[in-house]
Amino acid sequence: MSMLCYTLIIAFLIGIWAAPQSEDNVPLGSPATSDLSDTSCAQTHEGLKTSRNTDQRHPAPKKVDDQEPGSVANIIVDPKLFQKRQFQSSRVLFSTQPPPLSRDEQSVEFLNNEDALNRNIQAKRQNHPVHDLGEHSVCDSISEWVTKTTATDIKGNTVTVEVDVNLNNEVYKQYFFETKCRNPNPVPSGCRGIDSRLWNSYCTTTQTFVKALTMEGNQASWRFIRIDTACVCVITKKTDNL
């Protein structure tokens, strides 16, 4: 009888030793706990992969701030920057589309309240009365609204000029009204109406400085840049007549 009891006890102990330990009885830091952590990490990683795949199938719309550099065609400008704008020129204009060159063109949306003044100036430049009176200009010029990506500032440095500006979720372009010579020699002798027997002459484009929105590092700032503004006649006295 005692042998049978010993046999049963030994079999019971062997069974307990051979049975896998339950997770509830595993001490902290044991291999079973490590396996459980690995399992949880694997499940979490699998969940992240599933979520990432779902996001790839249904990508969320990008915000302006989240887009890669170079993928955004315009910069977002603080409206306070325009409140600090000084020395405004009628030759610099922020508009949603190319400004009209004549009074008959359809009106467009301007950034400031000087649209009427700008349109009047444009009309006067386009419809100058001298040709209607039989008068002729010494030099022929052409005027048009243009955009710029680079320019020379007042210090002689090449700077980056902003083309597209995002202000209050509205995209404006920065336009410059430039005037330049159509031809350096409107007549074979140079400038029109100049006595070529006494004078050498030619037409040349002159420039002036206007305040424009430029990029300085990663910030937008106002800076004086040079643009073409007029076509003038340059004359020099012929040396053989001295």
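Backbone N, Cα and C define each Cβ position, glycine as well.
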Cysteine of Cys5, Cys41, Cys233 paired with Cys191 via disulfide, per Swiss-Prot: Cys233
Under 8 Å by Cβ from Cys191 (disulfide bond), same chain, sequence gap 6 or more: Val138, Cys139, Asn185, Ser201, Tyr202, Cys203, Cys233, Val234, Ile235
Other CB atoms, at most 10 A from the CB of Cys181 (disulfide bond): 21
Count of other CB atoms lying within 10 Å of the CB belonging to Cys203 (disulfide bond): 23
